[in-house]
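Chemist: Structure below; questions to follow.
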Amino acid sequence: MKAICVLSGGLDSAVTSLVAKSENYDITTVTFNYGQMALNQEIKSAKKISEILNADNHVIDINFVKKFSKSGLNTGNIPEPEKEDLDDFEKSEKTMKAVWVPARNMIMFSIASGFAEGIDAEKIFSGLNKEEGVTFPDNTPEFIERFNKSLEYGTLNKVKMVAPLYKLNKPEIAKLGKELELKLDLEVIKYSYSCYRDNREDYLHCGTCESCMRRKRAFKEAGIVDPTKYLVE
């Protein structure tokens, strides 16, 4: 069985790739360059994780997105919310809009679908999850359902996108990742990279962007030792 894993190098996609590995899929990973500030670190993480999982990694250039994106992920204008803001819907929605890249997931998953069909893979594994689905419309079960509906008409082999984390929040994802590492006797999570910024030291996170703050909270609430290095703890 073949599968494509959309692997940004972040915690969610790293754990999703572990899920695919645990289900005995022959994995190929794809990582996208959409002109994001953290590109270099994401590629390093994705390639390291792919190596550990014995998977080929392909970096796909969709840098044209940067030409029309006003996202902080492209411009470097990264919001830094307070801890208490993470569960405030209005403030989280504002932060979401500041980092929203136009149609990013639609573009990435469409390309991944073509890749999957081309190598006769039956599934695309994505790291879409419950916590991000609260504010990001392209992380919701409705998005997954309707995207798969389009694949019924857009691909001959009717490849399907799956999101094994779609019912999980970040602490649950961290916990699942640790369980899968123990089950598979692999070490992946410490090489994942969630930060919105491109810090000079490999795998070093800023600790102040929303993604870093959610990562910190995930390990803390899961009761798991956080292997991440942060500039600001």
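Residue 1 is the first one shown; counting continues down the chain.
Including glycine, each Cβ sits where the backbone N, Cα and C put it.
So Swiss-Prot lists the following for this protein:
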BINDING   Leu7, Ser8, Gly9, Gly10, Leu11, Asp12, Ser13, Ala14, Val15, Thr16, Ser17  ATP binding site
BINDING   Cys195, Cys206, Cys209, Cys212  Zn(2+) binding site
Chemist: Using Cβ-Cβ distances, find the residues under 8 Å from Ser17 (ATP binding site) that belong to the same chain and are at least 6 apart in sequence, listing them in sequence order.
Modeler: Cys5, Leu7, Ile27, Thr29, Ile49, Ser50, Leu53, Ala55, Phe125, Val188
Chemist: Within 10 Å of each Cβ, count the other Cβ atoms and name the one among the binding-site residues Leu7, Leu11, Val15, Cys206, Cys212 with the highest count.
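Modeler: Its Cβ has the most other Cβ atoms within 10 Å: Leu7.
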Chemist: For the recorded Zn(2+) site formed by Cys195, Cys206, Cys209, Cys212, name the remaining residues of the chain with Cβ within 8 Å of the site's Cβ center, in chain order.
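Modeler: Checked against the 8 Å cutoff, the neighbours are Ile78, Ser194, Tyr196, Arg197, Asn199, His205, Gly207, Thr208, Glu210, Ser211, Met213, Tyr230.
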Chemist: When you measure from the Cβ of Cys195 (Zn(2+) binding site), which residues in the chain that are at least 6 apart have a Cβ under 8 Å away?
Modeler: Ala38, Gln41, Leu204, His205, Cys206, Cys209, Ser211, Cys212
Chemist: Including all protein chains shown, what's the count of other C-beta atoms within 10 A of the C-beta of Gly9 (ATP binding site)?
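Modeler: Around the Cβ of Gly9 (ATP binding site), 27 other Cβ atoms lie within 10 Å.
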Chemist: Using an 8 Å cut-off from the Cβ centroid of Leu7, Ser8, Gly9, Gly10, Leu11, Asp12, Ser13, Ala14, Val15, Thr16, Ser17, can you name the remaining same-chain residues around the ATP site, in sequence order?
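Modeler: Filtered neighbour residues, in order: Ile49, Gly127, Ser192.
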Chemist: Which one of these binding-site residues has the most other Cβ atoms within 10 Å of its own Cβ: Ser13, Cys209?
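Modeler: Buried the deepest by this measure is Ser13.
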Chemist: According to DSSP, collapsed to three classes, what secondary structure does Leu7 (ATP binding site) have?
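Modeler: The residue in question, Leu7 (ATP binding site), is coil (DSSP, three-state).
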